[in-house]
């Protein structure tokens, strides 16, 4: 992953930096509805994280994304798979060996489902902290 995606295009960097000089309503009224919707989503997440100037940052992020992905067909999968992976990791972190029933009720899963999740997560967490000695790949 590049740290400065637009380092070779100073014009884009300059334009993204100039966004703050244009009144938001004027700017957003000229953008496609899908970009404004993306700004709303990004702004809400930035607010949730207590980031200052969330709307301004969200606009800059949306412009950066549209410069990078604009004009391409780009598939963003439904959040279900991502949310399930996050839920499974959280469940594993909450599991203490004695709270199976509590987790079963909280996540509305069966006991066998929870055991399967814990087994999968244990493997993932072990690999995260103890790299495979026989694997040719080096951890990143």
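Here the Cβ of each residue, glycine as well, is placed from N, Cα and C on the backbone.
Looking up the ranges 78-98, 99-119 in Swiss-Prot, the one annotated as DNA-binding region turns out to be 99-119. Across the binding-site residues listed here (26, 37, 40), the residue whose Cβ sits among the most other Cβ atoms within 10 Å is 40.
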